[in-house]
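Undergrad: Below are the structure tokens for one structure; questions will follow.
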Amino acid sequence: MNLLKKFNVPLLILPVLIFSLGYITLLSTSGERAKDQLMFFAAGYVLYILVSFVDIHIFKHYWKSIYYVVLALLFMTLLIGEVRYGSARWFDLGFFTIQPSEFAKIALVLSLSAVIVSDIGILHNFKKFVQILMIVLPVLVVVFLQPDLGTTLVLLGATAVLLFFAGLNRIYFIISLLVFGTFSRPIWELLKDYQKERILVFFNPGLDVLGSGYNVIQALIAVGSGGLMGKGFGRGTQAQHDFLPVNWTDFIFASFAEEWGFIGVLIMMTLFSLLLLSLLFVSYRAKDSYGSLVAVGVFTIFFVQIIINVGMNLGVMPVTGIPLPLVSYGGSSLLTSMILLGIVQSVWTGNKT
């Protein structure tokens, strides 16, 4: 009981509750995947507890090692990564596949937080600000070249929010936006055809109702047909009859909404909101700036992913293949989420020592 008092209890319970919503959806639509996901979560929760006992400043001390290991793995995916859906993002280990771009989320949060804390002037001196860019850009470029546009957007968004919370000079934000605008055309040309189609279909799903627009239209049908109370467990037509593609990952939110309706979605969003508030609370109560920034960084990773995934299920964001944290099927995504939450729990337990 004394040990339990060291933990942030909401951060112990909320991941289990949120995972449960995704698990029952997988049970309904994809039984075998549900079994795998349960094993991933069990392993993830063990990692969560173990990481929570690690002194947060160990991550601060070894951030370079973590960063370069992840960056090396990202480069290796370009050379020997397994290609799926036109992207080289995975390593097949036989019994398990890993997606290094997921672990880039951990590396980026720990690295940026450590660099900012080491010299707060880095946020107000342009030459020092370039040091931050030299950490962020290699990761973004390699992930983009896999290609993984969705994770690139998550990492970019998380970086922007983290730097905003840290107090980055607004002039640098404006300069960054101008630079991005300048290179937007070349970036567009580098996109794969299917990525361009997804963006164009976002503005008008009717452009390709049997191709890129099909997923969005079916997701909207699933969400809309759920009504107030939903159709019930195992009774959703869009996922059960395979009208809704990848309903276990990208569009699991639509599957859940169809079977559990507005009430179910309200419960899910409430749990996510409580989780995000808990992360911000840990940041507020952290006893030093490093722990505070790390907690904010984890908050941004979760927040950006939730916004993008739910947005693309509702047709208000382009389809980018971003998983819904703790809900979508996928071992690397689930393990990454649990490790990130374990790191924040480490910030909290550090306050109790």
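Using the three backbone atoms N, Cα and C, a Cβ is placed for every residue, glycine included.
What TrEMBL lists as transmembrane segment is 7-26, 38-59, 66-83, 103-122, 129-147, 153-180, 201-223, 260-281, 293-314, 326-348.
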Undergrad: Of the listed stretches 7-26, 66-83, 153-180, 326-348, which one has the most C-beta pairs under 8 A with the transmembrane segment (260-281)?
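TA: Answer, by Cβ pair count: 7-26.
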Undergrad: Taking the transmembrane segment (7-26) as the first stretch and the transmembrane segment (326-348) as the second, find out whether 3 or more Cβ pairs fall under 8 Å, excluding pairs closer than 6 in sequence.
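TA: In this chain the transmembrane segment (7-26) contacts the transmembrane segment (326-348) - 3 or more Cβ pairs sit under 8 Å.
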